[in-house]
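J.: The annotation region 'Disordered' is assigned in TrEMBL to 14-58. Per TrEMBL, the feature domain 'MRNA cap 0 methyltransferase' maps to 149-433. For N158, N159, the entry in TrEMBL reads mRNA binding site. Per TrEMBL, the feature site 'mRNA cap binding' maps to K183, K189, R214, H263, E357, Y425.
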Amino acid sequence: MSFYNDDASRYKRRRVVKNRVGSSRRRTTDIEQTPNEANEDGDQNGNNNELLSNEKTNMTVSTPDVLKEKPVWMSDAEWAIQQASVKRAIEPLVQGDKDDKEVDKMAYEDINVKMKYLKDIKDSGKDEIVKEYYNTQTFHSRQSKRTESPIYRLRSFNNCIKYILINKYGIPEGSTLDLGCGKGGDLAKWGMNNTRQYVGIDLSDESIREAIKRYKNGRYSFQAVFATGDAFKVELPEILKDFSMEQVSFLQFDNISMQFCMHYAFSSEASVESMLNNVSKSLRVGGMFVGTIPSSDFIKWKINKMKEGEKGWGNSLYSVTFPDLEGCWDREKKNFKKPFGNVYNYFLKDAVEDVPEYVVPFEKFRSMCEDHGLELRYKKNFFDMFNKEIATFFPMLPGPLVQSLRQEDGTYGVSGEEREACSFYLSFAFERV
């Protein structure tokens, strides 16, 4: 086990964020409703033909007012363009049927060349594949410049979403448990939230080493400890047994975060139960459980568009392939046959190569959370979230992050293939009651 702690006593400064969204917002409910949401568990009839079609369905949201204050780093010309960009961000991406079919056909042909199915790997083996992959990926990421990546803007968009989620629903000046913390990429986001104590846990020991380096070099004002462990199988007291209770908030936290990792738990019901036990037992009443996961609505919508015999979809940036779609998908009910173990192979250029992941049927996830004393307060796909919240959070975001989202036409965000890759995800927030 790798572990590290630092009381950060020499860094007493606190970051002050102007115009912070009040903590009372976390108790409001902002949940997108989709048809037949209750049928996601795969045990009832459901029809999802019209779910989440960003390309053909207008998703109506209110247009935000232009920002009231211009950031000091932005020129007047950029400010004018940004105001127009915020309104334009509301407009849906529309494609004709012909273009849509041609894009899908080209993408699937590309998948057939790239994807290698992992048919004979047992569940225990998949865990080792994931761990070994992220250990290897951590090494490779050290060798390349981030800005040269073909998914640089995509990563920036995802980081923007996490900044918004953490600072909209995370409890300020609280204690934070980051499960699946990776290389510590969210340390600055929790720093903006003025968290006073941070605990990071990840399956990959190489990622934990990088997270420790990032923390030590970042001059953060909060105390932090890091440990290697599998929170989907092992109880947190066992993972953190080498730390004193004071160092880990007596295992009671104000915030628990799981970013782009919780879907691995859905390999089995036992794994999800173990994960939620760790979350519910470690979260104070009134505390917030926030995260980002693949959208089962989007996945089902894509599957329903596929022709018989096809196993996946994608474009030059990402692809999704089901090794055994017929075994897990009910074509008549247009739903998954069971809520757990629905494995697909995910590819993201320059980041993830054919790693086995699992579908998270959201209503099953929500039901299990309720059984553990967690009530849903927020659910939004990434684009609805960006469109609704960017006007409020734009002045708070780091200038370099905002500039990395600047497109050639002067607008901010992502489009085209990057947009579809982002559409694969949603964000959520639950409150411990």
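Placement of Cβ uses the backbone N, Cα and C atoms for every residue, glycine included.
Those TrEMBL annotations? Automatic predictions, nothing curated.
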J.: Roughly how many angstrom lie between the C-alpha atoms of R214 (site 'mRNA cap binding') and K183 (site 'mRNA cap binding')?
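T.: Rounded to the nearest whole number, the Cα-Cα distance is 8 Å.
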J.: Compare the C-alpha of E357 (site 'mRNA cap binding') with the C-alpha of each of the recorded sites K183, K189, H263, Y425, and give the closest one.
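T.: Smallest Cα separation from E357 (site 'mRNA cap binding') among K183, K189, H263, Y425: H263.
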J.: Relative to the Cα of N159 (mRNA binding site), which of the recorded sites K183, K189, H263, Y425 has the closest Cα?
T.: K189
J.: Under DSSP, is K183 (site 'mRNA cap binding') part of a helix or a strand, or is it coil?
T.: coil
J.: Report the mean pLDDT of the predicted model across the domain 'MRNA cap 0 methyltransferase' (149-433), rounded to a whole number.
T.: 96
J.: Here's one to test understanding: among the recorded positions N158, K183, K189, Y425, whose C-alpha is closest in space to the C-alpha of H263 (site 'mRNA cap binding')?
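T.: That would be Y425, nearest by Cα distance.
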J.: Please identify, among the recorded sites K183, K189, Y425, the one with the smallest Cα-Cα distance to N158 (mRNA binding site).
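T.: Comparing Cα positions, the candidate nearest N158 (mRNA binding site) turns out to be Y425.
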J.: What count of other C-beta atoms do you get within 10 angstroms of the C-beta of K183 (site 'mRNA cap binding'), across all chains shown?
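T.: Counting Cβ neighbours of K183 (site 'mRNA cap binding') within 10 Å gives 23.
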J.: With DSSP assignments reduced to helix, strand and coil, which class does N158 (mRNA binding site) get?
T.: helix
J.: Counting only residues 6+ apart in the same chain, whose Cβ is under 8 Å from the Cβ of K189 (site 'mRNA cap binding')?
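T.: Counting only residues 6 or more apart in sequence, the Cβ neighbours of K189 (site 'mRNA cap binding') under 8 Å are N159, K162, Y163, I166, N167.
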J.: Please work out the number of neighbouring Cβ atoms within 10 Å of the Cβ of H263 (site 'mRNA cap binding'), leaving out its own Cβ.
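T.: For H263 (site 'mRNA cap binding'), the 10 Å Cβ neighbour count is 21.
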J.: Cα distance, K183 (site 'mRNA cap binding') to Y425 (site 'mRNA cap binding'), nearest Å?
T.: 20
